[in-house]
Amino acid sequence: MAVSGHLKLFFVFITLALSSNASSSKKFDELFQSSWASDHLIYEGELLKLKLDNYSGAGFASKSKYMYGKTTAHIKLVEGDSAGTVTAFYMSSDGPSHHEFDFEFLGNTTGEPYLVQTNIYIDGVGNREQRMDLWFDPTADFHSYSILYNQRQVVFMVDETPIRVHKQRDGVPFPKDQAMGVYSSIWNADDWATQGGRVKTDWSHAPFVTTYREVEIDGCECATSEDLKRCSGSTVEKRGNWWDEPVMAELSVHQSHQLMWVRANHLVYDYCADGGRFPVLPPECKRRRRG
């Protein structure tokens, strides 16, 4: 059956707080697994580090998939000259018609700001990129990056400040009916990541290391097709989930003001404003302009 729970990852040990308020400790590899290059995944006390060098990057993935909820990663990004590198934290389902919600942190030369790119794939179609800089140095300390997903909206947040919202509206594609895993990785993308690929990775600065303090998943766990139906529907069993409460159907007034501030001061690219790529605006962009 579906489990509505809170998975809090401290990398060496994880506390799983189930809806019954019972708890148990589980090791990292019981709930997450290396998705590639396990020798580039390093434990240091309560921290996990993903390493990129000129041999390989690295990544990890949740063993379970979830339908609706919230996931948060507390990350300190690559310090110094990180040009050409990308650290990703994202949710994704499987297959060519998959859904995907991406945070991609685009490295830069020393002294230049990191750019955060978000993207949304619905039924296998992406091309919904937004880029922004941040109001802090993401390499100096840990900061939280969250994805909230329910039947009405997808919200990207940085330190609980919303930076992007995709709403469910008539005529607008919206992800549904696919359980999604939680993933993170670091890799070399110097063909596009920094200044459109003009600045390449300087391997003399390797290894490039992204550090994780914790990852949280608070969602409806799906192990079977019946779980997916239960998590996706509006049954009695589902109504206790906080992300299904009416108040979660839209941002609060305060959150709306935060989003406006972020877009006014930190947004550097929005696909909805790129008439060269989209002579005909995607439907969600038209709705946004009309409010």
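Heads up, the Cβ atoms here are built off N, Cα and C, so glycines get one too.
No curator has checked TrEMBL annotations; they are predicted automatically.
So that you can see what the record holds, here are the features copied from TrEMBL:
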- 1-24: signal peptide (SIGNAL)
- 17-212: domain 'GH16' (DOMAIN)
- GLU100: active site, nucleophile (ACT_SITE)
- GLU104: active site, proton donor (ACT_SITE)
- ASN108: N-linked glycosylation site (CARBOHYD)
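Sequence features, as recorded in TrEMBL, placed on the structure.
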residue	record	contacts (Cβ under 8 Å, 6+ apart)
GLU100	active site, nucleophile	TYR90, MET91, SER92, SER93, ASN119, ILE120, TYR121, GLY126, MET180
GLU104	active site, proton donor	VAL86, THR87, ALA88, TYR90, VAL116, GLN117, THR118, ASN119
ASN108	N-linked glycosylation site	SER82, ALA83, TYR114, LEU115, THR194, VAL199
